[in-house]
Amino acid sequence: MAGYEYVSPEQLAGFDKYKYSAVDTNPLSLYVMHPFWNTIVKVFPTWLAPNLITFSGFLLVVFNFLLMAYFDPDFYASAPGHKHVPDWVWIVVGILNFVAYTLDGVDGKQARRTNSSTPLGELFDHGLDSWSCVYFVVTVYSIFGRGSTGVSVFVLYLLLWVVLFSFILSHWEKYNTGILFLPWGYDISQVTISFVYIVTAVVGVEAWYEPFLFNFLYRDLFTSMIIGCALCVTLPMSLLNFFRSYKNNTLKHNSIYEAVVPLFSPCLLFILSTAWILWSPSDILELHPRVFYFMVGTAFANSTCQLIVCQMSSTRCPTLNWLLVPLFLVVLVVNLGVASYVESILLYTLTTAFTLAHIHYGVRVVKQLSSHFQIYPFSLRKPNSDLGMEEKNIGL
């Protein structure tokens with residue numbers, strides 16, 4: 001298994017023909033963030049590999065998740081009568097979230113600046129973004145938490161799925177149209193949440209207890225913004241882009257079935273994980289919300305990464321992800337009835353297995369593509385070939 005190759009020869013050949021195509025129409029991105037990133041990227045030395053910038057940003061998102069997990073393990077820290085997260089933590093999380101967002105914005109510019117763009121760079125960037133979704137959403141949850149003034153763990157579970165489906169829609173579009181339409185919600189949410197973290201440190205979590213307007217609470221505003229952005233912006237724009245491609249006869253897949261194949265695994269993951277929550281004898285989501293969110297987010301990221309590989313290589317997306325098999329078996333066992341401690345063990349075991357499987361997938365794919373393109377993943381230096389090729393300053 002250690003040397004298993006996930007990328008087929010057909011997909012490697014497809015990567016050789018790949019050309020990046022994306023459309024960004026977000027005013028915040030075009031007129032504010034891109035000029036800012038164009039300035040920031042000049043600070044980085046030209047020997048710094050873009051993938052190293054990408055990975056550094058991802059690690060900051062993970063660090064925020066772990067930091068908040070330490071101070072708010074069960075999402076009750078923001079509730080009345082509980083020990084709140086220290087103000088300095090909110091400041092650190094806010095700053096690091098914005099830095100991570102900035103690094104995600106400049107990695108591509110660094111690649112073009114150093115003439116080192118490759119398909120692996122894009123795959124690495126978007127693959128880590130797919131995993132960052134769960135870290136980002138769960139960290140944000142601590143602002144309101146659960147309890148009388150917060151959001152229930154099940155509502156947050158549904159909001160997490162709204163974000164996950166919003167993310168995969170962009171790559172589903174590209175799978176069918178060949179063009180990546182960058183979503184508006186990403187830039188707006190990153191800037192807004194970074195600001196809200198800092199504000200929370202200044203005014204305290206108690207400020208979010210008060211009504212925003214009449215009896216409309218800030219938690220309701222938080223929920224409404226996520227759902228509203230998905231239903232009123234992300235979904236309509238995705239369907240519009242798909243319909244335009246259909247009208248122009250530029251769709252890459254002729255049948256409806258082939259067009260929606262990439263959505264099978266995420267939809268089945270949603271069905272299975274929701275069934276587990278509803279059938280759980282120990283109310284597993286109430287018991288271990290953070291771990292359950294992470295399990296779902298990791299399985300989702302794995303399916304999304306497989307979609308991105310197929311989308312970039314112009315190959316057919318797998319109908320189902322094999323990670324859903326053990327999840328199905330666990331849900332089946334839970335439905336038959338198990339003790340609370342057994343269900344907890346099953347959750348932690350499945351989460352560990354998913355995490356290791358996803359890391360193995362990512363590492364092997366990066367190694368395969370690095371070898372295929374004869375590049376180092378985190379350096380602009382090209383490895384010497386067996387034929388004694390001269391080193392060239394190119395990379396990801």
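The backbone N, Cα and C atoms fix where each Cβ goes, and this holds for glycine too.
Given the structure is predicted, the values throughout are model-derived calculations rather than measurements.
TrEMBL lists transmembrane segment at one of the ranges 191-210, 291-310, namely 291-310. Tertiary proximity for the transmembrane segment (221-243) is limited to same-chain residues at least six positions away from its ends with a CB under 8 Å from its CB atoms, namely 143-144, 151, 155, 159, 162-163, 165-166, 169-170, 172-173, 176-177, 179, 181, 183-185, 188-189, 212, 251. Between the transmembrane segment (255-279) and the stretches 88-106, 150-170, 291-310, 322-339, Cβ pairs under 8 Å are most numerous for 322-339. Between the transmembrane segment (127-144) and the stretches 150-170, 322-339, 345-363, the greatest number of Cβ pairs separated by less than 8 Å involves 150-170.
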